[in-house]
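*Asks:* I have a structure here, written as structure tokens, and I will follow up with some questions on it.
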Amino acid sequence: MDEESLQTALRTYDAQLQQVELALGAGLDPSELADLRQLQGDLKELIELTEASLVSVRKSKLLAALDGERPAQEDAEPLALQNAIAETAEVPVAPGAELETVPSRETGPGPTERGQEEDDGEDEEGGAALSGRKVNAPYYSAWGTLEYHNAMIVGTEEADDGSPGVRVLYLYPTHKSLKPCSFFLEGKCRFQENCRFSHGQVVSVDELRPFQDPDLSSLQAGSACLAKRQDGLWYPARITDVDSGYYTVKFDSLLLKETVVEGDSILPPLRTEPAGSSDSDGSDADDPSYARVVEPGAANPGTCSSAFAGWEVHTRGIGSRLLAKMGYEFGKGLGRHAEGRVEPVHAVVLPRGKSLDQCAEILQKRTRAGQAGVSKPPKCRSRGSGPGGRPPPRSVFDFLNEKLKGGAPGAPEVGAAPPGRSGKEVYHASRSTKRALSLRLLQTEEKIEQTQRAIRGIQEALARNAGRHSVTTAQLQEKLAGAQQQLGQLRAQEAGLQREQRKADTHKKMTEF
């Protein structure tokens, strides 16, 4: 509704309220008086809501009128701001030089002190003149994103690099760390640097931009925005409805409910999508707040010998797909200038149980050996395996093992194991054989259970189809006969594996001392 409709409705409600009040003073029945009092309360509440809507519409019109006058002032504000800050930051050199040329016995300490006091007074006056001025200041988030927020200057300070700077407080805080501390503004904050709220941020003068009033004319249903909540923070949201200066917004966070706000509690998003026009391309080319677009032929892709995302063959990672969605091109380095490393970081497996110093010595020895070209001969798996090697010493346990196996020393059978195996190797072989037998026995038992379940299912199907379908019954009987035959074979296989397992256990007990 526009302003005229609201004013007409307000006059109508006032006239109705006067009629109700006259009726109440006429002395009617108690039952009618109760209805009239309820109607009187409803009319008063309706008048209050209409007046609030009228105030909101007038406020929106006033903001729109101010937005039309702002562009003419914005052109002169940046230059005036730069000049004002430069004047406060500069130290007058000429008067000091003149005072130094005059002999000290003639001038005395009085003029010098007065000059310093005047300089301090000028600095304080300049800082006081800048305090309260609104600007557009940069803010680097915790994850490295550069954003420009509307802020207010609270004083002049020197930046970290020595350049002139100002301390600013952000007007539309999106995080708790940006929300101004109310006690700091009063000079009563006890936490100082440990305060979880903002005490201002020192920004270089060169990074400041002119203050930008929020443009609400571009906001409509479906537009992204920032909406203010009761905690004083601005959260990302999306407009679902616009009605007479009131905006119904739905927050991006699922924990926040849909709400209705006025025009002073809503903002366009701080980071908008680029329009893609040629004018903006030229102005943003040298802006440090935008990432530089690297042309395909401009950047040196480097040499990448390793297969990109080759490690994902062995994992379930989605790193390569995420990088591709974020605009990464194969062969280029990471970073906005594509200057990062190209080769992936190779994993180095260090010896187990060694200190870092010992690992460093081992790596140095390997490096020196590789540079000198020294190649060590491969180690033999067992002594005496080659021709002319010395036979291993024999013990009582080797003699017992040979006797229990039925073999004669010095006359091995064809296809038998070489006589050079010690008792420890025989023990390891029997252990691996026992593990393989246990695995085969477990698989056979699982197959037996599956076959038994299949037989039970076929028998149930035969019971259901008995005397109904002769063809189906014949097929089921054939399946049942085949399943029973397979079950018999599996049981025979299970018995054979159990015999081999018992034989291995007996062999282990007889050969292990």
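Cβ coordinates come from backbone N, Cα and C, glycine included.
Features from Swiss-Prot:
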- 315-361: domain 'G-patch' (DOMAIN)
- MET1: N-acetylmethionine (MOD_RES)
- SER278: phosphoserine (MOD_RES)
- SER355: phosphoserine (MOD_RES)
- 90-131: region 'Disordered' (REGION)
- 267-296: region 'Disordered' (REGION)
- 367-394: region 'Disordered' (REGION)
- 492-513: region 'Disordered' (REGION)
- 176-202: zinc finger (ZN_FING)
*Asks:* Taking every residue in the domain 'G-patch' (315-361), what is their average pLDDT?
*Replies:* 75
*Asks:* Run through the zinc finger (176-202) and tell me, per DSSP, how many residues are helix, strand and coil.
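*Replies:* Grouping H, G, I as helix and E, B as strand yields 11 helix, 4 strand, 12 coil.
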*Asks:* Which ones in the same chain are close to SER355 (phosphoserine), with CB under 8 Å and 6+ residues apart in sequence?
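*Replies:* Those within reach of SER355 (phosphoserine), by Cβ under 8 Å and sequence separation of 6 or more, number none.
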